[in-house]
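Feature list (source: TrEMBL):
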TRANSMEM  71-98  transmembrane segment
TRANSMEM  155-175  transmembrane segment
TRANSMEM  181-210  transmembrane segment
TRANSMEM  231-251  transmembrane segment
TRANSMEM  271-296  transmembrane segment
Amino acid sequence: MAFASLFTLLDDVTTVLDDVAAMTKVAAKKTAGIVGDDLAVNANQLTGISAKRELPVIWEVTKGSFKNKAVIIPAALLISYFFPILITILLMIGGAYLSFEGMEKVIHHVKGRREAHQLEPNVENHSLGKTHTETAVDSTKDERTKINGAIRTDFILSAEIIIIAMGVVATMSILPKTMVMIAIGVGITVLVYGFVSLIIKLDDIGLWLMQKESRYYKKIGRGMIAFMPHLMRGLAIIGAIAMFLVGGGIFTHNWPWLHGLIASLSIDSTFLTMLIDLFLGMLVGMVVYLLVLPFMNLKRAEPSRLTLEQ
């Protein structure tokens, strides 16, 4: 009797694990687009770090991503059970933030190119006047800013991924549902930041290949190093577009009247749907940017005011 009960239990466990594996695959397919955006955004967020600090910084962000999942998964399970409407509200707030981040990057890039020639002599003289300690402090602050920014962005993208995955497993009982969520969370984090590490270290791999005796390896290494600046610029563009697409997509899918309007247009083209998401993301980003701009200017003016008073 005991053996029969044991085999029944093992059969139940096997069935649950099979269900978890099957639903994890389905959820992974559903979230593939967001994961691609997540990869582009995070690779873009972590560019511009010194070579020696690249992997430590990525590891810090990876740990932050795991912490995000540890908060998001239980919270999403609880909210979906007690306050399902709150998930939509939180997603739209996150979408607005992502759109704002994308617009801020675009405006910063446009302003930077316009002012680069004027500021170059001043920046050079200012840098020459700094001590080694001051430069190190600035570098540390910039690194911490990048880490915090990447973790914040990861939180929003992770929430979007988890919510989409939760929609796939909505009919499952709590234990298999939780197991699928954990599998998706861990798998996506490892996948995304593994690829980010590879992208960030491509130039080092190129240098390593150039040190080989084989002319074939040297040629590949030179090609990789020459390709890196184009890849980084491409990731910056793709990352900004991905922010608009995800942000706009959150609004088009979760704003009932807008979703109904788009559905009534009978748009079968995926490309046109993406254009609508992109345009809406840019529009939301610009609106939020204009609303936040006075506070940003006030924050920038505060250090200058304190300096003048001193």
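First residue shown is number 1, and so on along the chain.
Using the three backbone atoms N, Cα and C, a Cβ is placed for every residue, glycine included.
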- Query: Most CB pairs under 8 Å with the transmembrane segment (181-210): which of 71-98, 231-251, 271-296?
  - Reply: 71-98
- Task: Determine which residues of the chain contact the transmembrane segment (71-98) at the Cβ level, with the cut-off under 8 Å and only residues 6 or more beyond its ends counted.
- Result: 153, 155-160, 162-163, 166, 170, 174, 177-178, 181-182, 185, 243-244, 246-251, 254-255, 281, 284, 288
- Residue numbers, six or more beyond the limits of the transmembrane segment (271-296), whose CB comes under 8 Å of its CB atoms: 95-104, 107, 241, 243-249, 251-252, 258, 262
